[in-house]
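Student: The domain 'Methyltransferase' annotation in TrEMBL covers 85-168.
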Amino acid sequence: MPDLMQRSAMLATRWAPTRCTSQGNKDDCSWYHGAWPMLRGLGVLQGVDGDADFFHASIAEFACDGQRVLITAAADQAILSLVLEAFRSRGAEPRVTVVDRCPTALALNRWYGRWQGARVATEHADITDYVSSVEFDVITTHSILSFIPESLRPRLYANWRRLLASGGRLVIAQAVRPHADEGAVRAFDADEVDRFVARAEARAELRDIGLTLDQIRSLARRFATHKTALSVGSADAIVSGLEHAGFEIVSLQQQRRAADYASASPERPDAILNTRIVARAP
């Protein structure tokens, strides 16, 4: 296990109990941000790692030195890591801003930015009404629609368009569930919680994440017990919403998840389509 993942998991576990409820944050999301780096580091879930090749290729393709990149919501520092890797593969350095409602997620990104010697600013805000004095060349995020009610998605798309400079790119990936009702709430039942915890225990025997087995069990159980997300049932709905907001779709890819995909959701992974979209601001 790389030292980076151990450090990330330990910092999240330490920071989440106090930071997740600081700065006026009304919702206690410590069950989520306190556990996510540990679960990702153990391979219990993949998150953005499952779309890493797409993000790297799509961002590196047009990366230039000094471009402004906006990351809209982040469970941890994983998206920032991919952005930096993509730019640096082209010999370029971006100016990154991370927007999130949670101080823990922002702290992890500031920590990782310093560790990488990168220019990273953070903004404690809701992306649906975030305002910036500058436009961005790249906006990126992962599965944000799982946390945005269907009624607010047009507002999100419109704000992305306002924030993106002409000629800029929106690079996003989203889990789509074709057999689910749009906006349906997904949650673990009791048996699924137990299986999720058992998966974390099994992975902990193979990898050292810097936490005790009791800590891992507790974090995994709290995560699965609280975890809910909103279903996105169609890529067409995303495309239509983006086009209505003024985007031009550059590319759309869909790939069915493998049966052994490490998912943060209770349903069968192969019932989910990893949907990857690149859109352009005219």
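Backbone N, Cα and C define each Cβ position, glycine as well.
All annotation found in TrEMBL is predicted automatically rather than curated by experts.
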Student: Taking only the residues in the domain 'Methyltransferase' (85-168), give me the average pLDDT of this model.
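Tutor: Per the prediction, mean pLDDT sits at 98 for the domain 'Methyltransferase' (85-168).
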Student: Would you mind splitting the domain 'Methyltransferase' (85-168) into helix, strand and coil residue counts from DSSP?
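Tutor: Here the numbers are 36 helix, 24 strand, 24 coil.
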